[in-house]
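Undergrad: Pasting in a structure now, in structure tokens, and then I'll have a few things to ask.
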Amino acid sequence: MTRTTRIALASSLFAMFASGCVVGDHDALSDSDIGSEQSALSEVSPQGRYLVKFKNAAGRSAIHAAGGQVAMNLEKHGLMAMYLPDTARKGLLNNPNIEYVEPDPVRKLATATPYGLGMVQADQVIADTSSPVAADLTVCIIDSGIKADHPEFAGLEVAGTQDSSATPFSDDLCGHGTHVAGTVAGATVGVAPDAVGIYAVKVFEGADCGWSFASGLIGALDACEAAGAKVVSMSLGGSVKSRSEERAFADANGRGVLSIAAAGNDGNTRMSYPASYDSVMSVAALDEAGAIATFSQQNSQVEIAAPGVAVDSAYPYESSLTVGGTKYAGKAIEFAALGNVSGAVVDGGLCDSVGSFAGAVVMCERGAISFFDKVANAQAGGAAAAVIYNNAPGNFDGTLGEGNTSTIPAISLSQEDGGAIVASLLGTTGTVNSGLGDGYAALDGTSMATPHVSGVAAAIWSRVPDATNNEVRAALNATAIDLGAAGRDDAFGNGLVQAKAALDFLKDGGGGGECLPAGASCSADADCCSAVCSGRGKNKSCQ
């Protein structure tokens, strides 16, 4: 379950920076260099794009006469970015008025690895060459669908279905399912990118994610089993128990399925279902410091914990401002309209009053009044879009507030980018894009914690494929890092899930054949040295 739809979107690619292209003393590639590296050229210079350095006006004229297409004019640096056919490139290389021609290499967003991957030891499992993947495993994600063509899922086996939804599982207008799937198996943001396939069952529809019913969840569980999934991941829930739903999950557990669900985000002690059924693992959320999230529900059915605050993952939306030939990665202002609009870039100052902004992209500095009031003032003045830039280093996550909306797109930018635009690019045409794309988001919730546990379960099970669902579950619980009160507690359950420790536990036949001591969590009498495992539900321990 997602606590908030507050998002931190980032574009997957930067355009070339207008301030310069080469740092340090690097020789340009000669024609022979390029000829000998033709196979690699498509990677560094896609679609035949080059940087051409001219020496004088004659060189500039030669570039225009070469027959290519100008992508960007960097006059200050004596450079032009060009799309050139090979014959034109070779001609320019031999022109005495041209200093050099080099590929215009791609620059990608410098995204950090999500902190949760290290916290749950996902990186250690991937690096463990002594424990290769022995069998691919399918994780079924019951959610809002998945943007299967997101770069995070390139090369991944993705399939799915939808219940009675009007749109296919591959149309994830909500974004929740894509984010969850990214944490399970994304190439750079996923726990188990090397071990699983994804089967998505779409039960939530629309941009607001909507809702489903217990009956829809039972049908989705059936679809997961029919697809051969061994792990079912559910970042969802509700406060009302269903006997039919409880029986369906118990039956699936008996057939070897491991079901994992979000503990809930109400910050109280109420049960949430299906997480609170005995046959389902209930997952609590932690922050980066390992503290329990304030929203994470605490009760006797909480079984295990994982990162669930500001979790970065794939998202089917992106936000940016393109101006002066440069694309600046932004973040969507929550509850603002989506769209792709252009207009002259103007300075609105603090946007603390309605100005004359007809058709413009208005730059608003953060501060003095709320984001909603800034966007409302820009909108009232006829703006095409509002861009709120920070009044402190870096970017920020902004919202119009619950119940507020706008008819124009609104995004945020960093102080550095916003200041540079206001200083030198006013009057230039700017394009604000806040809509569908291959973006990333930082979300909070037990919804974000759940796929960490699902991904860990899949990663270790794929390496020890002969294990049963109950053995995998026992391994996760037995090796979790104990947090909070000693032993299992209602906030953290058995503690922070640990992939490498759980894998070693399974490989050793459940801890090298050692039995569990008194006080340890257990699922059956045979787990305990005393041969007595007692308690109710998930609150069982060795006596």
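In case you wondered, yes, glycine gets a Cβ from its N, Cα and C as well.
A TrEMBL annotation is a machine prediction, not a hand-curated record.
Features from TrEMBL:
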- ASP143: active site, charge relay system (ACT_SITE)
- HIS176: active site, charge relay system (ACT_SITE)
- SER447: active site, charge relay system (ACT_SITE)
- 136-314: domain 'Peptidase S8/S53' (DOMAIN)
- 353-420: domain 'PA' (DOMAIN)
- 436-495: domain 'Peptidase S8/S53' (DOMAIN)
- 1-24: signal peptide (SIGNAL)
Undergrad: Using a 10 Å cut-off, grab the number of neighbouring Cβ atoms around the Cβ of ASP143 (active site, charge relay system), all chains included.
TA: 30
Undergrad: Looking only at C-alpha atoms, tell me how far SER447 (active site, charge relay system) is from ASP143 (active site, charge relay system), rounded to the nearest Å.
TA: 10
Undergrad: Across all the protein chains here, work out how many other Cβ atoms are within 10 Å of the Cβ of SER447 (active site, charge relay system).
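TA: There are 30 such Cβ atoms around SER447 (active site, charge relay system).
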Undergrad: DSSP on ASP143 (active site, charge relay system), three-state: which is it?
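TA: ASP143 (active site, charge relay system) sits in a strand per DSSP.
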Undergrad: What does the structure give for the C-alpha distance between ASP143 (active site, charge relay system) and HIS176 (active site, charge relay system)? Integer Å is fine.
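TA: That separation, Cα to Cα, works out to 7 Å.
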Undergrad: Would you list the DSSP helix, strand and coil counts for the residues of the domain 'Peptidase S8/S53' (436-495)?
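TA: Per-class counts: 29 helix, 12 strand, 19 coil.
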Undergrad: Please compute the mean pLDDT of the model over the domain 'Peptidase S8/S53' (136-314).
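TA: Within the domain 'Peptidase S8/S53' (136-314), the model's average pLDDT equals 95.
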Undergrad: Just to be sure I understand, if DSSP states are collapsed into helix, strand and coil, how many residues of the domain 'PA' (353-420) fall in each?
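TA: Going by DSSP assignments, the domain 'PA' (353-420) contains 16 helix, 16 strand, 36 coil.
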